[in-house]
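Some features that TrEMBL has for this protein:
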BINDING   A:Arg227, A:252-253, A:266-270, A:283-290, A:Asn304  FAD binding site
DOMAIN    A:26-207  domain 'Electron transfer flavoprotein alpha/beta-subunit N-terminal'
Amino acid sequence: MFALRRAALPTMSLARGYASSGNVSALLLVEHKDNKIAASTLNALTAASGLGGSVTALVAGSAPDTVVAEVSKLAGVSKVLVAKDAAFAHTLPESHASLLVETQKKHGFTHLIAAHSAFGKNVLPRAAALLDVAQISDITAIEGADTFVRPIYAGNAIATVKSNDSIKVITVRGTAFPAAGHQDAAAPHEDAPAVGQKDQSEFVSEHMQKSDRPELDSATRVIAGGRGMKSGENFGLLYDMADKIGAAVGASRAAVDAGYVDNSLQIGQTGKIVAPELYVAVGISGAIQHLAGMKDSKTIVAINKDPEAPIFQVADYGLVADLFTAVPELTKKL
Amino acid sequence: MSNLRILVATKRVVDYAVKIRVNAAGSAVETANVKHSMNPFDEIGTEQAIQIKEALAKSKTGTAEVVVVSCGPAKAQETLRTALAMGADRAIHVDSEEDLQPLAVAKLLKAVVEKEKPDMVILGKQAIDDDSNQTGQMLAGLLNWPQATFASKVELGDKSMTVTREVDGGVETIKTPLPAILTTDLRLNVPRYASLPNIMKAKKKPLAKFAAADLGVDIKPRLQTLKIAEPPKRQGGKLVESVDDLVDKLKNEAKVL
């Protein structure tokens, strides 16, 4: 709860201030997998609602009925457009971008919005180019219907940009907006326009990391390991601690490159961006690119044997110690 | 696979290790007298193109010509020379002093693609300065080509490529006909260093120059930067003595446990 309040204050108060201007109609591209809405879509919905106008949700899939029913009950959704077609069985970009363009041509939205997830990043710029408009990527705040805040240079500078295009195409940083809740009455749904464009690519296979722990991007507690972990087996120490406090486990690029853990666990400029209540960095030096992915965490703890490690400059609490003794001791005492 | 032409887009950016500063006016990031280098994802793109060329040469199944392109001011040529020193065959500089945003770059690259007719265009997944992650996807849209973004593995087939992509929660593999757009993730390869002899040789490799204005595309900025600010500073640096001390602070001071 605390996380939601904290995130809500800066963005939502500004957004509400704008709400009176009207004339905004946003289209939200819903991401889903295995009949579940992606958590980041709920954050993007809050951003879309913050623009002050209506929000229409677009759900594309080969069998999207379950997701459509859920989306129609999300707070702030006034209508759901449904594109049911075998072409949308996977998240391939050509058909999805084309669907966005056709939907835009028919309904004339002022804003096209998606989460800044792998899916949103893949599809939205393609649609923006087809509509001949710019995209504003990874926004962290809304200052008006055409003015947005976004980090650049790995989060080391914060840009406020104004779009001069008629349609604003936007991807949203999930951790900067709270997740949308539910509403009582289900929003109505109707069919989205048909799409002629077929995917030129074909889906071959996927390999997803299975885990019972919370998802990295939405976890309230995250424990991350770096090169100092020395091996993949040693990550067991972090899993033990994570399981004790219900945390997700992440990693620095060094740990991923060394093969200790899967790429999908990487936190940083080019990996996941997280902003949990508690971030524990273990054996991570704190390179600029890593800090980009976690420095908005509420409380940062660093455990490192090098007192000069840059991570200590951003850590609220630093413990200079050998992680191989400190982490088991910490796990025991939690 | 027969004879391929691979176009690689590269961008000159502030070096990844530089701690950047916002200027006093709050209008831009200081770039004068700051070390610049090739965007790291574009180095990976250049490396990938060269590896494809080397693999074709080794298997004697075809050849590849690697053409590198960069859009921007005169200094973009330094980046192109770096790519030539890594092993690219020739370079194209699209000269412009304008603030080139991703859509403008995608349009300029489209014009270059129409001249060069490559079988594949490789771009980095994002530039580490504007962090947009757009140009490759936009170019694919403008050309109506398939796109394979965030690639961590590429295998060439007959007029197709099979690409493993880094997605949230794991990886996905897709098969894409050529011509196509490929954008690189960090895991795709480890770029080589250019040797001194190759740096010398690169000076003699062809570098063609076009004025952006002559390519007849709209490159006006669509986004206007109102303000650039420093991010909020964190009050870090408090050290604790022991694990007990840490647990106590987390429970009673930060109240996160």
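Just so you know, glycine gets a Cβ as well, placed from its N, Cα and C.
Chain B lies within reach of A:Gln269, taking the binding-site residues A:Gln269, A:Ile284, A:Ala287, A:His290 and requiring a CB-CB distance under 8 A. Counting every protein chain shown, the Cβ of A:Ala287 (FAD binding site) has 20 other Cβ atoms within 10 Å. The highest number of surrounding Cβ atoms within 10 Å, among the binding-site residues A:Arg227, A:His290, is found at A:His290. Remark: A:Ile284 (FAD binding site) has A:Ala224, A:Gly225, A:Gly226, A:Arg227, A:Gly228, A:Ser252, A:Ala254, A:His290, A:Ala302, A:Asn304, A:Ala309, A:Ile311 as non-local neighbours, by Cβ distance under 8 Å and separation of at least 6 in sequence.
The local packing around A:Gln266 (FAD binding site), expressed as other Cβ atoms within 10 Å of its Cβ over all shown chains, amounts to 27.
A sphere of 10 angstroms centred on the C-beta of A:Gln269 (FAD binding site) encloses 24 other C-beta atoms. In three-state terms derived from DSSP, A:Ala287 (FAD binding site) belongs to neither a helical nor a strand segment and is classed as coil.
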